[in-house]
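According to Swiss-Prot, the feature GTP binding site maps to 31-38, 110-114, 165-168. Summarising the annotation, Swiss-Prot assigns domain 'tr-type G' to 22-236. As annotated by Swiss-Prot, region 'G1' applies to 31-38. Marked as region 'G2' by Swiss-Prot on the basis of similarity to another entry: 89-93. Positions annotated as region 'G3' by Swiss-Prot: 110-113. As annotated by Swiss-Prot, region 'G4' applies to 165-168, with the evidence given as similarity to another entry.
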Amino acid sequence: MTHQSDLIAEDIHAYLARHETKDLLRFITCGSVDDGKSTLIGRLLHDSRLIFEDQLAAIERDSQKHNTTDEAVDLALLVDGLQAEREQGITIDVAYRYFSTDTRKFIIADCPGHEQYTRNMATGASTADLAIILIDARYGVQTQTRRHSFIASLLGIRHVIVAVNKMDLLEFDQAVFERIRQDYLTFAKALDIHDIRFVPLSALRGDNVVSPSERMPWYDGPSLMQLLDSIRLDADQALQAFRLPVQYVNRPNLDFRGFCGTIAAGVIRPGDQVTVLPSGRQSRVRAIVTTDGELPVAATGQAVTLTLEDEIDISRGDMIVRHGEPLPLVADRLTVELVWMHDAPLQTGRAYWVKLAGKWLPGRVTAVHHRVNVNTMEREAASSLALNEIAEVTLEIDAPMAVDAYRQCRATGSLILVDRISNATLGAGMIRSAEPSAGIQSEKDAARRWQAFEIEFNELVRRHFPHWQARDMRDWPGHKE
């Protein structure tokens, strides 16, 4: 089952070649405080024989000082690396770990369970394909269980494994497991998650983590590791149309001009006709360039450089799509599910930086439609947002950009709000829908709302540097008072 490292010592090149062809699964572990998330990851790594001898020796030494269990070795210390985490016996930051089996590679994000660190959990979930929701068998479904399940659903995670942990403390009682299973399924009816699996286990003792447990004969399903190894991800990509957000324009000399980025969705080949958004200009792909040479085809997840047949204006943040396929929306008014991540509350009407893929634009939240109570799934009236709160809002940006719905494509349907002074990340948004404002013709003459200091600076430039021939910003097309 688990990946053996003997090949690394014998033939590193053969190991790397085999490793590159494996499927990659990113998953998170989340749940309430002290449900055993870090212990579970430690057990996965330990029982998979993926801990080096020096790591195990270090954990044995640290266990004498920071042990939170009755065992000689506290496996949670493999993941809880911050001093504050070890002293308090909790997870604060998102900890990433890597391992593999014979068929699949894994990236684990161990997310904090405390409510004040929910923003950290949202960060870990933003790139995950699967979520392991841990539930303490003694307490059942808790508030944080609901909160994390809702965030996982909100962030588009399509697969959930509910791991009922600490079954050893309840004598591996089947009735307890079945009750928790039913409670969670009842709650999950309100969530957009269609693949939910359940497994009873003991992370501390190792039951049903890597190998099936002999102490739960009533459970005939796969172990947690077997589930992780077998879940299919090939149907998760909802969008098949080509999307390439431009991250960088590569111009090393006069003879080469390439547009670099990671393909967010779809497939591209030399000769394909493409459209650049939001400008709408068209051309054909001349070549797909990588560090390994030119490719005959490129697909989702590959970092490539496209060269085009025509010299057209393309900048960082523009999107290249394939002609004839469904197009993204080019809009400056978005309906967004927003997770607020800052101590200072959201202020409607205040200007923030909006970052989507490689694009940075000023924008503002103009309305809060409702706040979501993650415990009851009910919508509540709200005019602002506090730390860790989630709401549906209207976000207006100062120029149109090409976007997709988050459910269709994560990379082109997600954004963050950034403070324009401190550059602190304030919130994470998932685009639900988009609509263009009236009068938009192109990005350059899109409606703008100039700030007072920008207009004042423009006046100073025109007064003291008339030879620069600067135009009055208030006369620019689309200016709004």
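Every residue, even glycine, has its Cβ placed from backbone N, Cα and C.
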Residue numbers, six or more beyond the limits of the region 'G4' (165-168), whose CB comes under 8 Å of its CB atoms: 35-36, 40, 134-138, 176-177, 200-205, 207, 215-216
Binding-site residues compared (Gly31, Asp34, Lys37, Cys111, Met167) - the one with the fewest other Cβ atoms within 10 Å: Asp34
Helix, strand and coil totals (DSSP H, G, I; E, B; other) for the region 'G4' (165-168): 2 helix, 1 strand, 1 coil
